[in-house]
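Enquirer: Okay, so TrEMBL annotates it like this:
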REPEAT    25-57  repeat 'ANK'
REPEAT    58-90  repeat 'ANK'
REPEAT    152-184  repeat 'ANK'
REPEAT    185-217  repeat 'ANK'
REPEAT    218-250  repeat 'ANK'
REPEAT    251-283  repeat 'ANK'
REPEAT    284-317  repeat 'ANK'
REPEAT    384-416  repeat 'ANK'
REPEAT    417-450  repeat 'ANK'
REPEAT    451-483  repeat 'ANK'
Amino acid sequence: MELSPRTSPPPPAAIATSLVHRCKAGHTPLCVAAAAGHHTVVDVLLQAGADAEGRAAWDTTPLCEAARGGHVATIRVLLDGGAGVDTPSFCDGSPLTLAAAEGQHEAVGALLDAGANAAAPWPIHEAARVGCHLMVDRLLRAGAPVNGVFDDRGTPLCRAAAGGHDDVVRALLHAGATVGVAGLHGRTPLIEAALGGHCSIVAMLLKVGADVAAADAGGRTPLHQAVSSSHVESVKLLLRNGALVDARDEAGETPLHEAVKCGREPMVAALLAAGARLDVVDSRLRTPLHRAIEAVATCRVLTVLLKAGARVNAVDNCGRTPMHYAAKQPVPRLDALLAAGGNLHATDLRGDTPLHVAARVGGRAVATLLHAGAHLDLEVRNNRRATPLHIAAEAASVSSIWRLTDAGADVDARRRLGMTPLHLASAAKHGDDAVRELLTAGAAVDATDGNGNTALHMAARANVVDTARVLLTAGAAVDAVGEAGRMPLHEAADRGYAAVAAVLVGATESLSDSDSASGTSEEE
């Protein structure tokens, strides 16, 4: 039955002013009452002349507020008072959309009874998203488009599958929902269900013919997504229904690459049992074993891969083997790789051995490699002519320096430009402890590089005051002349480093005092 709007005489000016007055939040009294569901107050305000369509903050209407809160009695009073059943708010949609978005199925029914437009795609999308099958059923009976596409979010089936709402998915399929329409990021309903680990929905969609090989915008199949979400049952179900076990996404990664990153042994085992290849590489030529090491996978996952025949010395696009990857991890997995025949002495395209890589990080990796025989690589030089000790010094890794020098590394070895490890440590931001360790190991404090600069020159250039003090205490020559005839003080002065300049000036004064005292003694 069509509702007749109430009519009331124009209110006096003072009352009219109060009816349209907005609080600091931007709401009129009618909007406040509608949002709270006080239908009797709403009726009083309408009788007093309040505009049933009067907009408040964010251009919302009283009916939108009542619908959002699910206040059925208030909705009916507002509609009886002349509110437009489909009048939208500025950014949130119609009252029907707002009621559906909040799961207010009784409010949805009241609005539909009043003639709300169910043909737009938004209400059923929201109903599917929140998972209320009562709303979905009512909207479908009212003519809601079962395959309506909302922006880039796909169909209602995509939203329901993503949320894991079995009853809604079943209702949509019964109403003729299409299973192949993609939504956000190109994901089909099956991909959404697999990503969420909703195994029962995966089964429903497969039963009605969903494409198990369809990929999203990134080339990821339902199997990729199920693996990435660590849902073993969904993975097994997809495999039983013909999922391509070695499908590659845009980065060239297979589901096995994804599984080893997650570190789930049952997932890895299931994929291997289904015939997943261990030698397939991604766009950077990384095998699943590379990715497992990079992701710090558990030793059990590594053991599964190695027992299955993973190539322990495969190289990526930078020439790095799994040994290189393991050497740079804080918690390395070197023992398993070494036992499987990992090459200790392999060099990558930069000329780095695993020992070079470990030297930068420090910790147990250096000790493990040295114990396994990497002491033979102590003087191996990479493309920059750097030994592992140079790398450790540049990174100011005290533990690496100690282990490498204790194993016999040449403490004064020179890399490109003639720099010794002490030069490199002296230029590091927090390198004072590394400098001490090198000096303790016998590093020459005044060794010069190819330009004639000493370690003290490097400390002055880097403005590292503590390192400068350590070098001076060890007897570094404050007046050493290096490149372009400059002393360390020139370097600090040129860069405006007042603190290190003060230390160098103090050392120069001490040197002058010492020279003066020595001269006086000789005269006597």
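Cβ atoms are placed via backbone N, Cα and C, with glycine included.
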Enquirer: Tally of helix, strand and coil residues over the repeat 'ANK' (284-317) according to DSSP?
Expert: 16 helix, 0 strand, 18 coil
Enquirer: Could you give the mean pLDDT over the repeat 'ANK' (58-90), rounded to a whole number?
Expert: 93
Enquirer: For the repeat 'ANK' (152-184), what does DSSP give as the number of helix, strand and coil residues?
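Expert: Once the DSSP states are binned, the repeat 'ANK' (152-184) shows 18 helix, 0 strand, 15 coil.
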Enquirer: Six or more residues beyond either end and a Cβ under 8 Å away: which residues meet both conditions relative to the repeat 'ANK' (251-283)?
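Expert: 218-219, 221, 223-224, 227-228, 230, 232, 235-236, 239, 245, 289, 291-292, 294-298, 300-301, 304-305, 308-311, 314, 316.
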Enquirer: State the residues, same chain only, that lie 6 or more residues beyond the ends of the repeat 'ANK' (185-217) and have a CB under 8 A from a CB inside it; answer 'none' if no residue qualifies.
Expert: 154-155, 157-158, 160-164, 166, 169-170, 173, 179, 223, 225-226, 228-231, 233-234, 237-238, 241-244, 247, 249
Enquirer: The repeat 'ANK' (417-450): which same-chain residues, six or more beyond its ends, come within Cβ distance under 8 Å?
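Expert: Counting only partners 6 or more residues beyond its ends, the repeat 'ANK' (417-450) has Cβ contacts under 8 Å with 389-390, 392-398, 401-402, 405, 411, 456, 458-459, 461-462, 464, 466-467, 469-471, 474-477, 480, 482.
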